[in-house]
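Quick look at what TrEMBL lists:
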DOMAIN    13-412  domain 'Major facilitator superfamily (MFS) profile'
TRANSMEM  52-72  transmembrane segment
TRANSMEM  84-104  transmembrane segment
TRANSMEM  110-127  transmembrane segment
TRANSMEM  172-194  transmembrane segment
TRANSMEM  229-247  transmembrane segment
TRANSMEM  267-288  transmembrane segment
TRANSMEM  300-319  transmembrane segment
TRANSMEM  325-347  transmembrane segment
TRANSMEM  359-381  transmembrane segment
TRANSMEM  387-406  transmembrane segment
Amino acid sequence: MTASPSPAPPASALRTPGYVAFLVTFMLAMMADNIEHVISYWVAFQKFHSAALGGFAVISHWLPFLLLSVPVGALNDRFDSRRLIQIGMVLFIIASLGWGYFFLTASLQVWHAMVLLTIHGCAGVLWSTSSQMLLYDIVGPTSLASAVRLNATARYLGVLVGPGVGSLIMRVLGPTWGIFLNVIFYLPLMIWLIRAPYGRHHRGVAPGAKRAVRGIADILQTVRDVRGLPIVSGMVLLAGAASFFIGSSYHAQMPGFADDLGHGDPGAAYTALLAADAAGALLAGILLETRGTWLQMTPTNAMTLALLWGAALFGFATVHVYGVAIALLFIAGFFELSFSSMTQALVQLNAPDAIRGRVLGLFAMAALGLRAFSGIVVGLFGSAVGIHVSLGTAAVAFLAVIAFLFRRTRRATA
């Protein structure tokens, strides 16, 4: 990781023609994704009261990223990213319509729910990985960091707004017609992509080598390819460690943290803790977009921001004062968006064009797919030793990985 620092983007991605349309339609699709979670999870819980199904919902959301991100990236090297995103939207729509049909006919069974959750997870892989491929072509390298930050901020907005909108729709229309209405929010992105003048295929750039998509063999080959790219390999390791050891699993444990902090109504305390984390991330997105030129985009800065995120979460796991816990989660949210968007932008900028899709797929596998295991690290371990000890231990393990990466960087520059 010795390459010279990437220069700060001279202009916001919002000034790039076409990016605003991409961002708005991306936000609507993200909101629809979260609306579907709210409605489908609520109905499935009311009908089955199955903790096992709830666990399957988490696995089916992240496991496709672990298994399919690199193959989907390889498809992006060969085929039009716009069409792959549209296929993802079609799968989202099929899942929503499927839920609606089973709600309407009162025929939902556990295996129906499992199939629909799996379809939804596969749709997420097609959409996420292909969107990153298309994003590079829309804004180019000069505004890429800005675009990645804005997309990450939009993702947090979708996570915040989606559940509220989903609850409102479900209250007004009921879950059946609410899930049918949700289909509409996927359509703007699908329609815009029909004639969107972006993508390597639109520009007539030659696609990658035509070879079969080989699953695990593709993953191993991509790992070998990025070994010779110090910045890319370092950022993939950093994102993978954050995902494996911590991920978003502490969000699922937040009711327990709220109860242990013993501040007023546990429900209100839980909401405030989640809001603090999201608010910190949103502030980071705004400040870095408007005042981001002071922070150079380098691997060392990305690792430093990640270290501060891990330290904030370690502090949160160990404190017992509610106000301090709120402040630490706010800080954690700020640094999480800061380092995660920087690592992704560095991978984008340093990925060879011929294998860009596979490299982005490997990054998605590390940053998102390994979250399937963070529930084991924090959740199951927490059931044995307590959630405070499990999160604190996971944070220490993550900090140890960062120490290794810092040492690796110093050796490379010696």
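Quick reminder: no glycine exception, Cβ is built from N, Cα and C everywhere.
Bear in mind that TrEMBL entries carry predicted annotations, made automatically and left uncurated.
Owing to the predicted nature of the structure, the values given are computational and were not obtained by experimental measurement.
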Out of 84-104, 110-127, 359-381, which stretch has the largest tally of CB pairs under 8 angstroms to the transmembrane segment (172-194)? 84-104
Can the transmembrane segment (267-288) be said to touch the transmembrane segment (325-347) if we require at least 3 CB pairs below 8 Å and skip pairs under 6 apart in sequence? yes
Can you tell me the mean pLDDT for the domain 'Major facilitator superfamily (MFS) profile' (13-412)? 87
For the transmembrane segment (300-319) against the transmembrane segment (359-381), do we get 3 or more Cβ-Cβ pairs below 8 Å once near-sequence pairs (under 6 apart) are dropped? no
